[in-house]
């Protein structure tokens with residue numbers, strides 16, 4: 001290769017890669033030398049550099065070099081020592097997707113498809129949904145037209161790797177002269193190198209993160225100020241001011257003094273008594289020492305600040321207020337040494353038709369939404385009278401469905417014209433909201449057993465709907481990529497949260513908002529999406545005020561801590577992450593489930609987190625220890641301290657719903673996946 005060819009190729013390469021300033025300087029230098037080349041000290045006399053340039057010029061349009069380079073890098077990584085292998089394999093996925101997109105961008109469609117199909121199995125376990133999106137990129141124009149592909153091209157991947165693994169990778173690339181792989185890694189990967197031994201492959205949730213315009217936008221949004229505290233003059237605030245919390249012995253006495261309450265309150269107290277008696281039996285050996293430890297753990301947490309409501313909250317009736325205050329006074333204090341009692345409601349004979357379940361705040365009512373568009377509500381007091389503890393599903397002719405008076409043991413609510421995906425009780429339990437594939441939300445009365453209102457506004461199936469903590473207002477999220485705020489007395493939404501359609505989203509065309517949850521002070525709602533992010537929205541302005549990035553699969557469930565400071569989110573892979581709302585930082589990931597996390601719930605005082613999963617287990621996690629990090633631990637980034645306290649396995653029942661009652665009895669529900677014997 002003569003000097004003029006080298007100059008021409010270098011000029012073309014600089015322009016192609018966007019180094020316009022360097023290309024301009026090179027052109028000026030060549031022009032200054034009267035169109036000639038540099039003197040004997042220039043790059044023409046460097047044999048290694050000349051060899052490198054020759055390799056670029058000869059293979060620029062050769063599609064096989066992508067397959068060969070990636071295959072050799074893959075073999076080297078898989079054959080590395082086990083101590084470093086998991087860190088080196090982190091590099092393979094970003095290299096894989098950019099090799100594929102480079103081939104597509106250069107018009108080598110057939111070679112790109114062959115490359116994709118040959119190596120996709122390596123990444124399907126973790127990145128299946130991303131690969132399904134990437135599979136649709138077939139021609140160069142798709143790289144610009146499809147938001148997902150464009151965001152990948154414009155973003156970089158941050159990979160945490162120890163110094164020795166980093167040195168091994170560089171030595172391999174230079175020794176084998178893998179210039180193509182080196183160029184892709186240099187252009188699309190940022191290495192965060194740390195000293196010491198490699199971290200475990202599963203402990204570090206931030207080992208691989210995507211940065212770019214999306215991350216910059218999220219960082220900008222997360223600078224906004226939010227008021228995460230509890231409302232002024234709330235019922236909890238009144239109890240704290242009056243000091244009317246009862247001791248453990250007084251709670252037991254208080255639970256037996258409910259002669260003047262209504263029927264629904266009596267049913268609640270029956271369940272509360274049962275839970276309290278079980279707790280007393282469990283605590284006989286621990287005695288006062290356990291109660292003392294529980295009080296010490298809960299007293300360490302600093303009180304939440306008080307904020308003013310942004311919504312006009314409904315006036316609570318005296319009876320409801322007294323009922324809630326009574327429950328709060330008799331709340332059992334839970335901790336890592338004081339476990340809750342668990343009441344599990346099992347649906348049988350559902351024939352895979354149960355899509356969702358919901359439990360009222362006192363556990364007296366259980367609702368199920370089914371694929372045949374029906375909603376069924378069970379009254380636990382009547383179930384107990386009938387002598388059957390099972391919740392029957394679709395078969396109305398089953399003898400166990402019929403009570404002593406010849407009537408069904410449940411209330412059948414009909415009105416939807418598509419599968420029911422979500423149901424939720426109002427705080428007093430007098431209303432039920434349901435959402436469906438028919439794009440509507442319906443309000444039902446549990447006293448009249450009738451449909452009161454049909455809310456229309458979404459254009460696609462509505463995946464989730466949730467009452468606010470004070471009732472009257474509710475939030476919904478849909479396949480149309482929006483979340484909406486409603487009030488019971490209006491058929492049109494009050495707010496529409498449409499941020500998932502903006503450039504903040506990394507995969508607009510395929511984004512689905514799957515779950516929604518209210519903040520305890522009703523000033524914010526959170527939404528979880530298929531784009532692997534959670535967003536926090538201001539209900540007054542409709543603006544997104546937080547973006548939480550860290551999940552590696554679709555977010556399916558959300559829960560807010562009682563003090564409003566923390567949020568937990570569960571995803572499709574079984575990972576749970578706990579977030580600090582004020583900083584948008586992940587406090588700790590929870591690894592334990594091996595399938596979808598469908599439901600999350602904090603205990604009344606916020607010391608425990610319960611999770612229900614498709615792996616047929618309920619897990620309890622110690623929240624208090626995870627939020628008390630020392631300065632040294634925060635500096636070292638050691639935040640994985642949330643430990644699993646207890647696992648409750650079911651026989652064969654995926655857990656659809658969880659709820660802590662106000663008295664801290666844990667309720668759970670799910671459908672038996674095998675026929676009852």
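Every residue, even glycine, has its Cβ placed from backbone N, Cα and C.
Within the set 125-183, 184-242, 243-301, the record from TrEMBL flags 243-301 under the feature region 'Disordered'. Counting residue by residue with DSSP, the repeat 'WD' (347-380) contains 1 helix, 19 strand, 14 coil. Summarised by DSSP class, the composition of the repeat 'WD' (548-589) is 0 helix, 24 strand, 18 coil. By number of Cβ pairs under 8 Å, the repeat 'WD' (413-445) is matched best by 347-380 from the list 347-380, 513-547, 590-631. Averaged across the repeat 'WD' (455-496), pLDDT in this predicted model comes to 92.
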